[in-house]
């Protein structure tokens, strides 16, 4: 499966390392869409990819799927058009807090028969949320995220501090670069307005911790994720990058596990 990659930041570089550098037998990044060709020129020789600055040429380069690994702003700009041409794996899920964008993308995906894949990111258990409401009901979904204090505030904290309480849509609005998981959790569960989110700045921790609680007709569930950072970028969870590779693997394979 030939992959077209949008963006060459931390996760984009991770994909190039894991897929192309490791000579993955069924997946290969062949094309990369960037804004500045000169800045990323070395990618062509390092990973055997072709760089593009134009979306049209990029989409016509023989790719089977597009992996968006750029920014929320770029995703909002490009996603409605690209989904008309190719299946898309969206990493910047914060873009989906925009209800008008969701409507446009859903309409285009249905009309042009292309799929939008949303990786689970820095959490898991999303299959439970989806399965629990297939014929049943979810009563509540909550997310409590703890992050190292320095990543959330300039205050010199001596103890933990709640810096946000609200719903998923409000969380991604306040923290657009670091709360994508609130959106994917909301999409899998009860929606953005009904997914409760608490964010805590904690001076005693050195990695992100996410607690997810779910209640419904099925019973109750609670998940805790203590995520190690991506080695090349401490602001990105290693699991978030791995979830992209895992999603691509599942798309390619004929044997599907779980949801």
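Each Cβ is built from the backbone N, Cα and C atoms, and glycine gets one as well.
What TrEMBL records for 7-119 is domain 'Aspartate/homoserine dehydrogenase NAD-binding'. As annotated by TrEMBL, NAD(+) binding site applies to 122, 180. Here TrEMBL flags 159-244 as domain 'Aspartate dehydrogenase'. The active site annotation in TrEMBL covers 210.
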Once near-sequence residues are set aside, which residues in the chain of residue 180 (NAD(+) binding site), 6 or more away, have Cβ atoms under 8 Å from its Cβ?
91, 92, 93, 94, 121, 172, 240
Once the DSSP letters are reduced so that anything not helix or strand counts as coil, what is residue 122 (NAD(+) binding site)?
coil
Sorted by position, what residues of the same chain at least six away from the residue listed as 'active site' have a C-beta under 8 A from it?
122, 123, 143, 144, 145, 146, 181, 223, 224, 225, 227
So for residue 122 (NAD(+) binding site), how many other CB atoms are inside 10 Å of its CB?
22
Can you work out the mean pLDDT of the predicted model over the domain 'Aspartate/homoserine dehydrogenase NAD-binding' (7-119)?
95
Structural state census, the domain 'Aspartate dehydrogenase' (159-244) (DSSP three-state):
23 helix, 40 strand, 23 coil
